[in-house]
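J.: Mind looking over this structure? Questions follow.
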């Protein structure tokens, strides 16, 4: 059973009384601007809550920056339930929707006139206390932008506690998102009757922009190379044409840096033992050249579904053009899957793996392929299927070990983020007050728990 949060963590460091939810007088208002996609913004929000607690500041509901890549103009309230966010953090960090008029009048109601601080990446607690706090006390309000990765992973336990509460209790998806997500989960369970309602989710990063960014080639010859060059220039300007930038698609592939194709994912899963009765939810944006690349995966796994195939056009219409809202649907359906398969790095799989570890006490089945090894195996045209299956079984065993691993003694760093490895630091929040009786953005779990076996003898 998880240990309760120490009394000193709550009372001494936050100066609060949970009976009255009273906090000590604040040192000012904190405004942050979160950039990136859904989970980079999620990271920024959790870090903002932690920084506000550290500085004893009032946090203004974070603003979301519009990015040319993500093309999503959503505000905080479009993605998350603002009321739930505010009430869940009551007594820990005060949250407001706007800076009060008496302060904004000093800056002619112009947010850009508020003192702006450019905080270094992975800033320490000492940095915030020495460099940021004095400015906040002097002006009563500060703005930090950008705010991606602006707080070190290694912080005192009472700051980690705030990250845990923000991530797993306070951030609940908005009603439109959670309502449709619940329908999608129900439909996946219904379509997975052959496996007792259990399904596999695959996060497939084979969208056009991801293929372009990876600088990898996929048998498309000169036409594909020219197409990718145009996309890179349009989206990232001259980033890939700098003199010090050497593009080596062959080395990228051997080093496991290329996104796996749908065919490669299918071969891997069949080799691991997932048969053609397995229901698969594909969490992805629009696949690059879908007619060409999705067909092999569909043939190997006829029970292949996406949010587009599970929802009606009318249900998806309010989400079209909003990549973060679409990603939130994928996140929730993947969160409740029996097995989660990640095929590329990024914030989505790291946050999702952490969330599943938190929900299921560290025991969440995950497939994390050894991509350099997988590439070598797939390139061996003389390898027999039985040999390939044996190698995939070994890879699956290693993935399962990593998936259920709960590091007890470890040094927290960027690679062992609390968002990916939330235990044991976040374990105690199960014992906080009744304010936290539900799990925020989690739907009713019902019988969905990563325990039963979906793997059988695969036959191609």
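A Cβ is built for glycine as well, from the same backbone N, Cα and C atoms used for every other residue.
According to Swiss-Prot, the protein carries these features:
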CARBOHYD  7  N-linked glycosylation site
CARBOHYD  110  N-linked glycosylation site
BINDING   203, 204, 205  substrate binding site
CARBOHYD  276  N-linked glycosylation site
CARBOHYD  277  N-linked glycosylation site
CARBOHYD  435  N-linked glycosylation site
J.: Check the Cα-Cα distances from residue 110 (N-linked glycosylation site) to the recorded positions 204, 205, 276, 277 and tell me which is shortest.
T.: 205
J.: What number of additional C-beta atoms lies within 10 angstroms of the C-beta atom of residue 277 (N-linked glycosylation site)?
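T.: A 10 Å sphere around the Cβ of residue 277 (N-linked glycosylation site) contains 13 other Cβ atoms.
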J.: Among the recorded positions 110, 203, 205, 276, which residue has its Cβ surrounded by the fewest other Cβ atoms within 10 Å?
T.: 110
J.: So around the substrate site, 203, 204, 205 aside, which residues have their CB within 8 A of the centroid of those CB atoms?
T.: 202, 206, 259, 260, 283, 284, 342, 343, 344, 348, 349
J.: Do you know offhand how many angstrom separate residue 204 (substrate binding site) and residue 277 (N-linked glycosylation site) by C-alpha?
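T.: A Cα-Cα distance of 20 Å.
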J.: Looking only at Cβ atoms, how many others are within 10 Å of the one on residue 204 (substrate binding site)?
T.: 26
J.: What three-state secondary structure does DSSP assign to residue 203 (substrate binding site)?
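T.: Where residue 203 (substrate binding site) sits, the three-state DSSP reduction gives strand.
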